Amino acid sequence: MLEIAEPNNVRIVSRAKAAWVISILTGVTFVGNMSTGLVTISLPTIARDLGLAPHLLLWPASVFPLASACCLVVAGAVADFIGNRNINLIGCFLLAIFTTAAGVADNGIRFILFRSFQGVALSLCLPTTISILTNNFIAGRQRNVGFACVGLSQPLGFSFGLILGGVVVDTYLTWRFAFYFTAGLMGLLFLVSIWLLPQDTPREKFTWPRFLREIDWIGACLISAALGITSYVLAVITGNMAKAKNAENIVMLCIAGTSAVSFGFWMHFREKSGRIALIPNSLWRKRAFTTICLLVFLTYAVLNGVEYFLSLFFQEVQLLSALDAAIRFFPEVVVGILLNLFTGLFVHKINANLLITVSAALTCVAPLIMALIDPAWNFWVAAFWAALVCPFSVDVIFTVANLIITDASSEGTQALAGAVFSTVAQFGHSVGLMVMAVTSNRVTAKSSIEDKESPEAIMEGYRVVFWLCFGMQLMACFISVWGLRGVGKVGLKRE
């Protein structure tokens, strides 16, 4: 039975104050992910309006998690030193600014650039959100509900972005209005956050020597370089696998690999010398921690893959409008809301292994249905059920994973713990999207159907992608059964 060790500085807040804080943090994550849904559903129109070159077509979608993954660890380490509230507010403000900038972009390169800045800004919000919840709410139902609501806000924000984009993209409002609307919401949340976000616990007076000395900048640079370069190369080769053989990409992957190995040795040195390590190697010897990181990686890869290709299936295979495609994601939204509320309220009463394994098994049904589907079938026959069960695994694992990861971290590093979770999730997003896009393109290119742009040829590629998602989610089920055995219940208060 896993109990949560309280940081010494944890504060108990009233229910009313807790509701406001959870609502604000949930809102920031929700709005931060809306733009991803907007881009997913509006990408063909955005590409046409901005004259986006074919080889850059996936960049507006992939550069956001790429930039975010690069900066999460650094953001978490800095937040633990400076204060979570200040870093979170800076992230909110920058998100509002760069979301507006993306809406006024007049060419594809600038749009991609502003999307990358959005990713950096979101990286300031994600780890600090986890830390604020951990440091202000005692372990138990209140904190569990907080994690569940924040977990709900990610897929819900994405889905709402899909729906908003579908509504406006084919009207006189256009996709630009959707970005302005999103930026306005973020600006409003920024103003409310100034008033309602709890103050950080007192820290030692800030000095530059302490700032430079106490944060492990070498480790932060090594892991950021490894993740950033790898994500960049994956994004580059997504549209054309032949680019993997280019000398510059091979060199960059070698640099990324060297950085990752060096990071491991550097963490070993920091632990041996008694210094603070960003992600101590000893953490990976905790079976529950390693297992949950693998599950987060696989689950987020599958979720993003199924959502992305389900949207394409509706538009490119069934030839539906963006609005009709967006409406078909409503079942996912409803299930996501109900499931996260259930998880937050009852996670401390149910065995974590059972909860994650059952939800992972149910999610397996979504890609399996889409792999077997006949495009001529009515929505209610198959695709409805795929959309219905798609969010089960990720909605449950967000709450459980954050409880396990923050428990495994040492006191004063809660933002860094949140950064570890978010980094694994974003990296799963990037790797999953790359592997699935490459798979789809190669299968379609080798199709026996002469017209490679026909719905029939495209569906051959999508079908293989859904089989791949099914295999990855099935793997997550087996990993959960083995790796989380003996974990018991999580989110319990330590008396």
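Here the Cβ of each residue, glycine as well, is placed from N, Cα and C on the backbone.
Per TrEMBL, the features are:
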- 20-44: transmembrane segment (TRANSMEM)
- 21-488: domain 'Major facilitator superfamily (MFS) profile' (DOMAIN)
- 56-79: transmembrane segment (TRANSMEM)
- 86-105: transmembrane segment (TRANSMEM)
- 111-133: transmembrane segment (TRANSMEM)
- 145-165: transmembrane segment (TRANSMEM)
- 177-197: transmembrane segment (TRANSMEM)
- 217-238: transmembrane segment (TRANSMEM)
- 289-314: transmembrane segment (TRANSMEM)
- 326-347: transmembrane segment (TRANSMEM)
- 354-373: transmembrane segment (TRANSMEM)
- 379-404: transmembrane segment (TRANSMEM)
- 464-484: transmembrane segment (TRANSMEM)
Mean of the pLDDT scores, which run from 0 to 100, over the domain 'Major facilitator superfamily (MFS) profile' (21-488): 86
Seg_contact(the transmembrane segment (464-484), the transmembrane segment (145-165)) with at least 3 CB pairs under 8 angstroms, min sep 6: no
The transmembrane segment (111-133) and the transmembrane segment (20-44) contact flag, 3+ Cβ pairs under 8 angstroms: yes
Contact between the transmembrane segment (20-44) and the transmembrane segment (379-404) (3 or more Cβ pairs under 8 Å, separation 6+): no
Close approaches to the transmembrane segment (177-197) from elsewhere in its chain (Cβ under 8 angstroms; 6 or more beyond its ends): 20-21, 24, 27-28, 31-32, 34-35, 38, 42, 85, 88-89, 92-93, 95-97, 99-100, 102-103, 132, 161, 164-165, 168-169
Intrachain neighbours beyond the transmembrane segment (379-404), with Cβ under 8 angstroms and 6 or more residues off its ends: 2, 4, 130, 143-144, 147-148, 150-152, 154-155, 288-289, 292, 295-296, 299-300, 302-303, 306-307, 310, 313-314, 328-332, 335-336, 339-340, 343-344, 347, 352, 355-356, 359-360, 362-363, 365-367, 369-370, 372-373, 418, 421, 473, 476, 487, 490-491
Stretch with greatest number of CB pairs under 8 Å, the transmembrane segment (86-105) reference, 56-79, 145-165, 217-238, 289-314 candidates: 56-79
Considering the transmembrane segment (289-314), which listed stretch of 56-79, 145-165, 217-238 counts the most C-beta pairs under 8 Å: 145-165
